[in-house]
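Student: One structure is given below, represented as structure tokens, and several questions about it will come after.
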């Protein structure tokens, strides 16, 4: 801190993506299309689950929360990125930066915990099919939904309050397209050791424990299938878990590679690309790889459109 300008800054500059100026419009159109697809896809899932009574089950309760989380998670970063690309105004107020960081952490953690709840739901459905309705009671389902919202609120608030106590001096340029906590720590002229320890231990637990719980759920599923191996059981397990495993791999693969690997080994471009994978690509793909290809969702879509068609014909 000694020898550095102690003038507190009031805004940051988001450098955005490392894109050449001649390609700016092309990528703007691409990202706008991806964001619109994310919004429409997840909104469609939410509407179908709300309107169709056949989808009022534990699985689709978790899925509706996941779709809402994906919708909000993408909306935390994408509108600002698109605005910056179009207007070339890279500034974001200090308070706006901390707010963006809070909601980014909140919805990232929420998706993390919801994936665990969905893995447990699959485990009960495959390993205890006759007792599924008893085990997945409305009270347990409500608990599995409310607990992630509570835990993520406190975790995101913890990191935001710790960041708010830091001072930022001359350097206010963030080489990223959103206010990432690791990028902000590098700009601070305060002692960041407490923040780094909390990120390493608490943040590590937030990633590792849910990931291990998912691994345990699928280990029990595989063990249950191998006890009575049959083509029907394997097909049922694959149809139930295949899409969820794809989502888990996409989400955790980039998260673990980005945040649990030493940052010194990651270039700025690599960090930006990996961040795009789980903040933009994953929320856009989730409706397709997990929901819209699902037989129940297709049936709900047909039923909703048939009702609308009959209503208009009357």
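From the backbone N, Cα and C atoms, a Cβ is placed for every residue, glycine too.
Reproduced below are the annotations present in TrEMBL:
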{"type": "DOMAIN", "residues": "41-290", "note": "domain 'G-protein coupled receptors family 1 profile'"}
{"type": "TRANSMEM", "residues": "26-48", "note": "transmembrane segment"}
{"type": "TRANSMEM", "residues": "113-133", "note": "transmembrane segment"}
{"type": "TRANSMEM", "residues": "140-158", "note": "transmembrane segment"}
{"type": "TRANSMEM", "residues": "197-216", "note": "transmembrane segment"}
{"type": "TRANSMEM", "residues": "237-260", "note": "transmembrane segment"}
{"type": "TRANSMEM", "residues": "272-292", "note": "transmembrane segment"}
Student: Considering only Cβ pairs under 8 Å, which range in 26-48, 113-133, 197-216 makes the most contacts with the transmembrane segment (272-292)?
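Tutor: By Cβ pairs under 8 Å, 26-48 leads among 26-48, 113-133, 197-216.
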Student: What is the pLDDT of the domain 'G-protein coupled receptors family 1 profile' (41-290) when averaged and given as a whole number?
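Tutor: The predicted confidence over the domain 'G-protein coupled receptors family 1 profile' (41-290), as a mean pLDDT, is 86.
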Student: Which residues of the chain, 6 or more past the ends of the transmembrane segment (197-216), have a CB below 8 A from one of its CBs?
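Tutor: Long-range Cβ neighbours of the transmembrane segment (197-216): 109, 112-113, 115-116, 119-120, 155, 158-159, 162, 181-182, 248, 252, 255-256, 259-260.
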